[in-house]
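According to TrEMBL:
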- N80, R81, H175, S176, Y177, D242: beta-D-galactose binding site (BINDING)
- H175: active site, proton donor (ACT_SITE)
- E309: active site, proton acceptor (ACT_SITE)
Amino acid sequence: MTQVSHQQWGEAVGLGPVDLWVLQSSQVRVEVLTLGGIIRSVCYRGKDGQMEDVVLGYDHLEGYVSDKRYLGAVVGRVANRIARGRFVLEGKEYQLDINNGPNALHGGLRGFNKAIWHATAVEGGVQLSLTSPDGDQGYPGEVQVSVSYTLQGETLTAEYQARSTKATPINLTNHSYFNLAGQGAADIYDHTVSISAQSYLPVDDSSIPTGEIRPVDGTPFDLRKPLLIGPQLKEVPGPGFDHNFCLSSPGDTWTERHAARVCHPASGRVLEVSTSQPGVQFYTANFLDGSITGKGGVRYGKHSSFCLETQNWPDAVNQVSFPDCLLRPGEDYKHVTRFTFTTV
């Protein structure tokens, strides 16, 4: 049985009260904030029996209010990047906020990560809901969104749903940063990773996919067998991994697939991720630079953590060969991602 409780955690200036929800099973303890749908912590035991929090975050609400790195948050309407913040839909051009070099990133200047969500208890967890008005951050249509976090044993499930009054791009994910040694550990070089992808998306200088779907064979992006992250980072061009791995092809049937497995051999902690989304962005915290002070006064540096952002492919609204990212009136957007936390 999962125990679910909640309490007020603070007041976000200009936004209102923020609640903290706690989901507790016999193996895992998860904290969720109504601000941004943020996963604030995930605690579970290593092989030495010690409980550790494996999610980066802040001790106080002010950290999350001012956070610019999306720590633990639900990002939307559109996770990842849209080239030059522009797209054409039904003959009309839309211009979004530019907030990442020349591009739009993670929904805009005030995306879903900065909204306070309405929370309702559900069996084994919490459902968070939000209304995004027509024109929000430049996007068309009023969108009703919900994210349910439920904990069963060692598995945390995130179920996303949305409906819109107009055709609009949508791509929701969670942006938790993990370190299986514990959120205060210096880096992830001693973790192993495997990702169940035959291909990945090469990107240009501003991290927009070039349009090519490239096989991972013979590249540093071949993570189909477990590899140690530290040495592999030396093989990747640029500051690290920040790439979409293709879990399925455009037009494939909607189904849940195994996406990734990360293991920290020293502690025995393992994270496995499965999803119905066609891609996963593997990101190695390349842009954390020690300027963020997190839980316990720890400064989060480069490669201090990893993200596995289950998603549609980046810039899909502008790339006709990518999986369709449009939600149309009368349609239901839905996908599921499961995070399973075990020890070996």
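Placement of Cβ uses the backbone N, Cα and C atoms for every residue, glycine included.
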Exercise for the section: Looking only at C-alpha atoms, tell me how far R81 (beta-D-galactose binding site) is from E309 (active site, proton acceptor), rounded to the nearest Å. Expected result: 13
Handout entry: Recorded beta-D-galactose site residues N80, R81, H175, S176, Y177, D242, farthest C-alpha pair in Å
Key = 18
Problem - Spatial separation of E309 (active site, proton acceptor) from Y177 (beta-D-galactose binding site) - C-alpha basis, Å - result: 10
Completion exercise
Among the recorded positions D242, E309, the one whose Cβ has the most other Cβ atoms within 10 Å is E309
Exercise for the section: Would you count the other C-beta atoms found within 10 angstroms of the C-beta of R81 (beta-D-galactose binding site) for me? Expected result: 24
Handout entry: Inter-residue Cα distance where the pair is E309 (active site, proton acceptor) and N80 (beta-D-galactose binding site), in Å
Key = 9
